[in-house]
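Taken from Swiss-Prot as is:
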- 73-88: compositional bias 'Low complexity' (COMPBIAS)
- 118-139: compositional bias 'Basic and acidic residues' (COMPBIAS)
- 98-161: domain 'bZIP' (DOMAIN)
- Ser14: phosphoserine (MOD_RES)
- Ser15: phosphoserine (MOD_RES)
- Ser30: phosphoserine (MOD_RES)
- Ser31: phosphoserine (MOD_RES)
- Ser78: phosphoserine (MOD_RES)
- Ser81: phosphoserine (MOD_RES)
- 10-18: region 'Interaction with TRIB3' (REGION)
- 10-26: region 'N-terminal' (REGION)
- 34-139: region 'Disordered' (REGION)
- 100-129: region 'Basic motif' (REGION)
- 133-147: region 'Leucine-zipper' (REGION)
Amino acid sequence: MAAESLPFTLETVSSWELEAWYEDLQEVLSSDEIGGTYISSPGNEEEESKTFTTLDPASLAWLTEEPGPTEVTRTSQSPRSPDSSQSSMAQEEEEEEQGRTRKRKQSGQCPARPGKQRMKEKEQENERKVAQLAEENERLKQEIERLTREVETTRRALIDRMVSLHQA
C-alpha cells in the first residue's frame, strides 16, 4: 500500500477549516453509529449483496479521488420496525445532516468535495502569496538600487569635500 500525503500542511490551520474537518468527522462517526456502513470497492461483487446502509455523499467525498459528483446509492434499506419513535429519530438525524450541509453551503464551502476544495483554496492562497512576495521582492530590489545610488552620491560628495579641504 502506497503512502498518501496528508491533505493538509503542518502549518497553522484556520478555525473555519478546523470546524469543517470536525463536522466531516462527526458525520462519518455518526454514520458508523447508525448501522453497518458499506463502501463498495472494485472487485467486491459478492459482498455487494449484503444489506448495508450507505453514507451521506458529503461524508464520502474525502474518500474519493476521481473528479465529478459523488454517487451513493442505497443497496437495500435496513429493516425498520413500525414503531414511530424509530422513524422519527431517523427523520431527525436526516434533518440534522441536511442542516449541517446547508450551514456548510452558506459558509461558502462545497460539501461534495471538502478536501479537494480546501486543497484548491490552499493552492490559490499560495499563488496569491507567491505573487505578493514577488511584488514585495521587486519593491525591495528597487529600494536597494535607490539606496545604492544615494550612498554613491554621498560617498562622492564626501570624497570631493575631503579633497577640497586638503587643497585649501
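Just so it is clear, glycine is given a Cβ too, placed from its N, Cα and C backbone atoms.
Within 10 Å of the Cβ of Ser15 (phosphoserine) there are 7 other Cβ atoms, across all protein chains. DSSP gives Ser31 (phosphoserine) a helix state. Mapped onto DSSP helix, strand and coil, the region 'Leucine-zipper' (133-147) counts 15 helix, 0 strand, 0 coil. Of the recorded residues, Ser14 (phosphoserine) and Ser31 (phosphoserine) place their C-alpha atoms 26 Å from one another. Other Cβ atoms within 10 Å of the Cβ of Ser31 (phosphoserine) number 18 in total over all chains. Along the region 'Basic motif' (100-129), the predicted structure has mean pLDDT 75. Cβ crowding, taken as the number of other Cβ atoms within 10 Å, peaks at Ser30 among the modified residues Ser14, Ser30. In this structure, the CA atom of Ser31 (phosphoserine) is 24 Å away from the CA atom of Ser15 (phosphoserine). Following the DSSP three-state reduction, the secondary structure of Ser14 (phosphoserine) is coil. Cα-Cα distance from Ser15 (phosphoserine) to Ser30 (phosphoserine): 22 Å (rounded to the nearest whole number).
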